[in-house]
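Peer 1: The following block contains the structure, expressed as structure tokens.
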Amino acid sequence: MKWYLVASLLTILTSSQGILTTLSQTNGKYKYDYATIPFLAEVFKLIVSSVFLWRERKKSPPPKMTTDWKSVRLFPIPSVIYLIHNNVQFATLMYVDTSTYQIMGNLKIVTTGILFRLFLKKKLSNLQWMAIVLLAVGTTTSQVKGCGEASCDSLFSAPIQGYMLGILSACLSALAGVYTEFLMKKNNDSLYWQNIQLYTFGSIFNMARLVVDDFRGGFEKGPWWQRLFNGYSITTWLVVLNLGSTGLLVSWLMKYADNIVKVYSTSMAMLLTMVLSVFLFSFKPTLQVGFIAVV
């Protein structure tokens, strides 16, 4: 499969991610436990990767599969980072609209560029650095209220908690992405075998999060497996499918392309998200938001 086809599909899935998550809310709140979404997405990715590895092993020669503990022990790290990121993502969408969320997500390009240079020792051209700086400035100015807006009590157009969570989400996404690329390109192992290791730990850690929530809540709502699908709707299942499919596409790009392709393809989703939000949520983009989306 060509990388640009995967990147295009990733753009479509990313643009619909925030929209589906918002549509799954009822009166601005989640009727379901949003911690179950990442868990089910990890299980979905694990099942899909296992099926593809099973098919790959029937071919000759068989795929390379490193089982050395020194290699396997590296995979829990991105799983923990993605666990935190996925939950921060849901919390962020309780404070900001989908277009703002998508625009703030572009900050991951800035953090990815820096981490690219620091950890993977990959150099970016002066033009790429200039684009990164312009994107950071544009993302910030897009959230500043215009002088003609009704309320001037706050400088920004959304609660400060939303911006803090959005920045944290971008940093976590970049860190997980760069580390995952390092793992994927560390050897010539089968992509599906690497995915199985990544998603096995991801499923375990997400399940552990649900167990911890049970103990913290005193099992008031029963054990997590009994309330796993409580409050689920068709839209909620689409969120699970979207998150799982996005993860599979990202792992492919990490293996055969790089993080820069990934973050730019997801950033292309910003304009599509803004347009769809206008029709679905009566979103009225400001001049700043429209400018940064077009740029």
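Yeah, the Cβs are placed from backbone N, Cα and C, and that goes for glycine too.
If you look up TrEMBL, you'll see 1-18 marked as signal peptide. Per TrEMBL, transmembrane segment is recorded for 34-54, 74-95, 101-120, 127-144, 164-184, 196-212, 232-254, 261-283.
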Peer 1: With the transmembrane segment (164-184) as the reference, find which of 34-54, 74-95, 232-254 contributes the most Cβ pairs under 8 Å.
Peer 2: 74-95
Peer 1: Which stretch, 74-95, 101-120, 196-212, 232-254, tops the Cβ pairs under 8 Å count with the transmembrane segment (34-54)?
Peer 2: 196-212
Peer 1: Of the listed stretches (101-120, 196-212, 232-254), which one yields the highest count of Cβ-Cβ distances below 8 Å with the transmembrane segment (74-95)?
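Peer 2: Looking at each of 101-120, 196-212, 232-254 in turn, the most contacts to the transmembrane segment (74-95) are made by 196-212.
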